[in-house]
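Asks: The structure under discussion is supplied below as structure tokens; questions concerning it will follow.
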Amino acid sequence: MAGGSKLSPFGHAIAGTGGAMFALTCTYPLDIIKTRMQVRSRTATNASDPNVYLSTTDAVQKILKTEGLPGLYAGLLSGLLGTASQNFAYFYWYTFIRTGYVNRQPAGVAISTIMELLIGAGAGALAQIFTIPVAVVTTRQQTMPLGERQDLMSTAKEIVDDEGWTGLWKGLKPSLVLVINPAITYGMYSRIQEVVLKAFKRKDMTPGLVFLVGALAKILATVVTYPYIMAKVRLQWKPSKKDAETHKPYTGAIDVLQRVFEKEGVKGWYTGMQAQISKAVISQALLFMVKDQLEKYTIVLFALLAKQKLQKVK
């Protein structure tokens, strides 16, 4: 999305994936916290209960006390794998579809906001279908008690053994609905970027402007879609052995929203949103910042590889 980029869709995918993995590594503790807060009811009043987090700070303190520093990074490997595959697929399909659409339009015709959203939604849906199994595994690793937590492959095997292969695609329907989140984010980013460039009379975005524009775009998308994000996570979550007997499985996203509303009201739909927004804003801003820089280095790398290949041919 950086102006003037001459990268191929493959180059954009590499740059976007590298940025996303860096951003996740930096913000992973927030990812753990928001996921656990999303699946655990806030009706509990015992503030000393290690499984009930009253705030982001409270969550950090309790996780460090019960699990140590590794607890803040549970499932990091699967998280990185999922982020890499999902972002590679998203950036690739977004750039591929957008480039194809632009090439079919008359020169100088700008893409409408609606078309930007549709392109983003299409790319997001394709990415979700192929990568959601890793997201399910990551959610399980992040939320299972320390004594029941397993590695990536063992967790995936357990899901297949207990729930069949379809268990790896839990939460697919809300995930497909949630493609509106990156669609809004990237669509808004493109539009806000145009306004900013015109306002400051610039041809390129500075890292500071990229950070601010990316953060604003992500905040708007997160606030609008958060209840469904929470519902998707609860569908992918599996209660601990201790809680399994009293927990009634959810039948779908609407069922999650209804049951949470009955117990906690509208406030329950937004449990953990502070950590979610903090993580989303920081990671999205870092993603855009690092991706723009990686695009420049990727162009240089591709040029060097092309030159080396040409020399071998000679």
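Placement of Cβ uses the backbone N, Cα and C atoms for every residue, glycine included.
Pulled these from TrEMBL:
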- 7-100: repeat 'Solcar' (REPEAT)
- 111-195: repeat 'Solcar' (REPEAT)
- 205-297: repeat 'Solcar' (REPEAT)
- 12-33: transmembrane segment (TRANSMEM)
- 72-94: transmembrane segment (TRANSMEM)
- 114-137: transmembrane segment (TRANSMEM)
- 208-229: transmembrane segment (TRANSMEM)
Asks: Please report, as numbers and ranges, the same-chain residues at least 6 past the borders of the transmembrane segment (72-94) whose CB is under 8 Å from any CB of it.
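Replies: Distant Cβ neighbours of the transmembrane segment (72-94) are 9-10, 12-17, 19-21, 24-25, 28-29, 31-32, 60, 63-64, 119-120, 122-124, 126-128, 130-131, 134-135, 137-138, 140-142, 149, 151-152, 155, 182, 186, 287, 291.
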Asks: Give the residue counts of the repeat 'Solcar' (111-195) per reduced DSSP state, in the order helix, strand, coil.
Replies: 73 helix, 0 strand, 12 coil
Asks: Just to be sure I understand, if DSSP states are collapsed into helix, strand and coil, how many residues of the repeat 'Solcar' (205-297) fall in each?
Replies: 75 helix, 0 strand, 18 coil
Asks: Do you know the mean pLDDT across the repeat 'Solcar' (205-297)?
Replies: 83
